[in-house]
Amino acid sequence: MPIELPDLPYPRTALEPHITAATLDLHHGVHHRAYVDAARRLLEGSGLEELALEDIVRRARGRLFEQAAQAWNHAFHWTCLSPRGGGEPGGRLGDLLARRYGDFPRFRDEFAHAALGLAGSGWAWLVQHPDGSPGIVVTHGASTPLTGAGTPLLACDLWEHAYYLDRQDARDRYLEAFWNVVDWEAAGKRLR
Ligand SMILES: [Fe+2]
């Protein structure tokens, strides 16, 4: 099953001014494409060619794992953003976050604290643990909660390529922009 570069689920200018078209062109069109291309090359002869991308990520090791995981992480990340995003989650996700973190601003502060505490490149995630509770997870490099027991609900790319054109090295300002385009409806639909 070939690994594909998915189209962005919105026009390249749709997330402006929070995330610019220039950043999406670079991030999706160059970086994400490079992960897909490398994963496809490394997949040849691996014995995993017939698997879906999620299963390749769960089974692969080494370079193939890194490139395939980044291909999946990015495809997932794009679906976490929306020009109609922002605000606060409602419904069951809103209730779960309020129960775990007290209120939404406190969740956001904890997420930002975890994201800003990561040295180097990686991802910040909202996951649903097997017991149903929500949790914040930060992963290094290409590592992804897809290989663990929890269900990924939301991903924030913390590699500098996600924000340096728009925010230089100010990860805190990128996170503020991220909250304006988070697709809480999509995150809520991922709950088990
Ligand atoms: Fe990225």
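Glycine too: its Cβ is placed from the backbone N, Cα and C atoms.
Here is what TrEMBL says about this protein:
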type	residues	note
DOMAIN	4-82	domain 'Manganese/iron superoxide dismutase N-terminal'
BINDING	HIS27, HIS74, ASP157, HIS161	Mn(2+) binding site
DOMAIN	90-189	domain 'Manganese/iron superoxide dismutase C-terminal'
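Here the domain 'Manganese/iron superoxide dismutase N-terminal' (4-82) returns a mean pLDDT of 98 for the predicted model. Note on HIS161 (Mn(2+) binding site): other Cβ atoms within 10 Å of its Cβ, all shown chains, come to 14. In the three-state DSSP assignment, the secondary structure recorded for ASP157 (Mn(2+) binding site) is strand. Sequence-ordered, the extra residues of this chain that approach the Mn(2+) site, with Cβ no more than 8 Å from the Cβ center of HIS27, HIS74, ASP157, HIS161, are HIS28, HIS31, HIS32, HIS77, TRP159, ALA162. The helix, strand and coil residue counts that DSSP assigns across the domain 'Manganese/iron superoxide dismutase N-terminal' (4-82) are 47 helix, 1 strand, 31 coil. Of all the Cβ atoms in the protein chains shown, 23 others lie within 10 Å of the Cβ of HIS74 (Mn(2+) binding site). When the domain 'Manganese/iron superoxide dismutase C-terminal' (90-189) is classified with DSSP, helix, strand and coil residues number 50 helix, 22 strand, 28 coil. The Cβ of ASP157 (Mn(2+) binding site) has 25 neighbouring Cβ atoms from other residues within 10 Å, across all protein chains displayed.
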